[in-house]
Structures are given as structure tokens and as C-alpha cells.
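Novice: Pasting in a structure now, in C-alpha cells, and then I'll have a few things to ask.
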Amino acid sequence: MALSKIDAEIEQVDQEKYLREATNYYRALEKPLKYGPVIETLQDLITALHREFETNYVNMEMVNHLMLSYKSNPKEWRKYAKFDRYTYTRNLVDEGNGKFNLLILCWGEGHSSSVHDHADSHCFMKMLKGDLREKRYEYPNRQKSTGNGDQQQQHEHGSEIDDRELVEIGETPIAVNDVAYINDNLGLHRVENPSHSETSVSLHLYCPPFDTCSVFQSNCKRTPAKVTFWSKYGVRTKLNDQ
């Protein structure tokens with residue numbers, strides 16, 4: 001088959017469907033690509049990400065490379081880093097023309113997330129300051145995607161998955177400029193700042209973007225949760241605009 005025909009067929013693939021299907025096999029890079037572009041600034045990263053998401057076929061290895069290639073510079077991201085005394089915050093940096101969300105999450109001393117999934121999307125998490133610790137769990141009764149909406153139905157129906165305990169499958173420290181990756185086929189996770197004296201800041205890329213996910217209790221009970229932003233583009237959001 002001619003390459004031009006293959007390219008034309010790829011272009012016809014719905015991007016969101018392609019990204020969700022890619023969670024079945026994508027496992028992430030540990031190091032930047034040898035011949036990938038060099039990302040020198042946060043704006044370079046944003047521009048390069050927009051370029052990658054212009055077509056329906058998104059090169060996930062390139063997206064991963066871009067996140068790895070960027071080196072944290074507090075002068076660039078400080079304006080987005082908004083802390084709350086009582087909980088970690090989610091601060092929108094760029095909405096990616098509706099194709100991805102780029103966020104900065106700020107973690108006070110000892111702050112942590114609940115155990116949660118990612119609504120069948122990809123999640124890249126890069127450390128900008130301090131350290132975080134990721135605890136990963138099996139996704140109870142996880143069904144593989146068949147491309148016909150089975151996963152979506154699983155998210156929408158029933159809060160009780162089963163009556164057993166969540167099974168922890170790993171714990172990983174994440175240091176400055178490291179990139180962690182997860183999707184629902186790899187499991188659930190809980191992220192925490194283990195320090196009681198230092199804050200942490202992380203950069204997150206979600207694709208496709210989502211506005212609800214599921215949080216899990218230790219007995220595997222699942223509850224839907226709305227995803228909100230503490231600030232957008234460096235400006236505090238109003239409660240009714242979150």
C-alpha cells in the first residue's frame with residue numbers, strides 16, 4: 001500500500017478514539033529520544049505539544065520525549081504555581097485547543113491525592129520542584145478496551161466494583177525532571193508529597209482532557225469525582241467557574 005494512502009487513512013482516524021485505544025499498548029519512555037527536538041523553555045514545550053496534536057495520529061513517544069526534554073525553570077512556571085494551605089491544587093497552564101490539558105499541580109507539605117483513575121486517558125507527570133511518591137494499585141476488574149465503549153460503560157455504571165481490598169502493585173519516588181506515566185490499563189495511583197517541610201510542584205499532561213474521573217476507597221468502592229481547576233493561566237478561579 002502506498003505511503004500516501006496509509007497517511008490518508010491515519011488522518012481519518014478520530015484523535016480521541018485513537019488516544020484512548022493507545023492506552024492498551026503504550027508504556028512510556030524512560031529517556032528522551034536520541035534524535036528528538038530539544039525543548040529549552042516552557043513555551044517551547046507548549047508550542048511543540050500543540051504541533052504534535054495538530055493531526056489525528058498523535059506520536060505518543062514524541063509527546064513523552066517532549067515532557068522528558070524540558071528541564072524545570074522556576075522563573076517560567078512560578079506564575080502558575082498556586083498553593084492552598086489545606087490541599088494540593090490543580091492549575092491550568094494550557095488547554096491544548098481542547099485536545100489536551102497541561103497543568104501545574106502544587107503540593108503542600110504532606111499533601112496527597114486520593115486513589116484515582118484517569119478516565120481512559122494518558123497521564124504524564126513531570127517533577128518541577130521537590131519530590132513526590134506514587135503508589136500504584138491494580139484497577140479492580142479492569143476490562144480491556146474493545147473500541148465500542150465498554151470502558152466508558154464501566155466508568156458510568158455502579159460504584160461497587162467488588163468487595164475485596166485494593167491491591168498495591170508498586171511505589172515509586174519521582175525526583176525533579178523525572179517523568180512518570182500512567183493510564184487505566186496500567187492501574188490506579190495515589191500521589192503524595194512525602195516531605196513535611198518542603199513543598200513540591202509537578203507538571204501534568206492529560207490527553208484526551210477529561211472533567212470527571214473516579215476515586216477509590218480501600219474496599220474498592222468507586223465514586224465519581226468532578227475535576228476542577230484552582231486557577232487558570234495564573235489567575236484564581238471563582239468557585240462557580242471551576
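Each position is counted from 1, following the chain as shown.
Backbone N, Cα and C define each Cβ position, glycine as well.
Note that the structure is a prediction, hence the values are computed from the model and not measured.
Found this in TrEMBL, in case it helps:
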{"type": "BINDING", "residues": "HIS116, HIS118, HIS189", "note": "Fe cation binding site"}
{"type": "REGION", "residues": "141-164", "note": "region 'Disordered'"}
{"type": "COMPBIAS", "residues": "142-152", "note": "compositional bias 'Polar residues'"}
{"type": "COMPBIAS", "residues": "153-164", "note": "compositional bias 'Basic and acidic residues'"}
Novice: Between the binding-site residues HIS118, HIS189, whose Cβ has more other Cβ atoms within 10 Å than any of the rest?
Specialist: HIS189
Novice: List the residues of the same chain that sit at least 6 positions away from HIS116 (Fe cation binding site) in sequence and have their Cβ under 8 Å from its Cβ, in sequence order, or write 'none'.
Specialist: LEU188, HIS189, ARG190, CYS213, SER214, VAL215, PHE216, ALA225
Novice: Taking 8 Å from the centroid of the Cβ atoms of HIS116, HIS118, HIS189 as the cut-off, which other residues in that chain fall inside it around the Fe cation site?
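Specialist: Here the non-site neighbours turn out to be SER113, VAL115, ASP117, CYS123, ILE182, ASP184, LEU188, ARG190, CYS213.
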